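Here the structure comes first, spelled out in structure tokens, and everything after it is commentary.
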Amino acid sequence: MELLIKNARIIDAIQDFKGDIYIKDGVINEIAKEINKDNVEVLNCEEKILMPAFIDTHAHFRDPGLTWKEDLESGSKAALKGGYTGVCLMANTKPICSSKEVVQYVRDKSKELDLIDIHQCISVTQNFDGKTLDHLNEFKDDNKVKAISDDGVGVSNSNIMLEAMKIAKENNWVLMSHAESPEFSKSDMRIAENMMTIRDVELAKLSGAHVHMCHVSTKEALKCIIAAKNEGANITLEVTPHHIGLTKEINDYRVNPPIREKEDVEEIIKAIKMGNIDTIGTDHAPHTLEEKSKGSPGMVGLETAFPICYTKLVRENGVSLNELSKLMSLNPAKLLGMNKGKISIGVDADLVLIDIDKKIKVDSNEFISKGRNTPFEGMEYYGEVLATIKSGKIKYKK
């Protein structure tokens, strides 16, 4: 399989130049100002932006068990439309991803679909019971496991969480933390996030584990995590497009953690500009409109993530496309141990072609995802994905 990409403006975390890319057997084989090959498929980019495809550190595909909301196929196709070729899926499926059988189902289905790379998280505690860690022993020799997560139901017992972090460190896993204190989750969601953030940061320092703080949304939580990172703690920090693109004043849409105040958004953007944020994760969480009307928290995000982040960060706040590529591609690839996220010879040929000058209007009826739950309906942003390439194959084309 060969593909020649011509006339691209090539951008990744450290590069920005015009050139061509030759792909062979799924990897980048040659990069130059001009490349000519006979009898190969050619994609003419017409000087549009070509970046490493995005990798989502945080998504929910609802499969198995909740597939009226989303499934592995619809979620993967939505990812491709959004420019993503890799996702890390949370464990709150039905049954919960606490057993080899459930994890193998996801892997087998993903391989059968052959659309994107899917990393399935294991639940921190067995079936989210908050206390049992024995199931983690099943995965100690499974080198495909990259992360364990409590997203959906946090681990309230600090001793259990510390032990889980120690197990994660022993196995070179990332522990993904959904910081929400159950004592405050019904009364004050700001305190709920801040209190659990403080705890998990302290446990991360104590255990030495790599702890990934998911969907950080308050200025206080940011300050706590950044201080620990500066002290050398092995912590990575994730924010979402909706916590960048919305404030409570614009749309107090129900997500968890909630849409925050203007000053929180300003602090997130400031932290991005200072290089203190590691990844942007969508927290793609599809629900039916009926479920949303009854208060289910969450929103779809894969198909809108890039235009929101590009518009809010690059066009409005002066963040470079290089930095955005770092947040959406390079750092997520490093986090998940993937040979992707940059444009260099020998790297997997996962790429996205984008028209950054094209204005789009969010229309949920055009989503490939089964979910239509978005607070961005009717809003306009810049940046349209024209094509997504996975292992040298064009998997999505506008």
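Glycine too: its Cβ is placed from the backbone N, Cα and C atoms.
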Looking at the Zn(2+) 1 binding annotation from Swiss-Prot, with H58, H60, D151 already listed, which candidate in D278, D283, D348 is the matching residue?
D283
Which candidate from H119, H215, H242, H243 does Swiss-Prot annotate alongside D151, H178 at the Zn(2+) 2 binding site?
H215
Under a criterion of Cβ-Cβ distance under 8 Å and sequence separation of at least 6, what residues of the same chain contact D151 (Zn(2+) 1 binding site)?
H58, M90, A91, N92, C121, M176, H178, C214
Within its own chain, what residues at least 6 apart in sequence put their Cβ under 8 Å from the Cβ of H60 (Zn(2+) 1 binding site), listed in sequence order?
E70, L89, M90, N92, D283, H284, A285, P286, G298
Simplified to three states, DSSP reports H58 (Zn(2+) 1 binding site) as strand
Could you give the Cα-Cα distance between H287 (substrate binding site) and H215 (Zn(2+) 2 binding site), in whole Å?
19
Between the binding-site residues P297, G298, whose Cβ has more other Cβ atoms within 10 Å than any of the rest?
G298
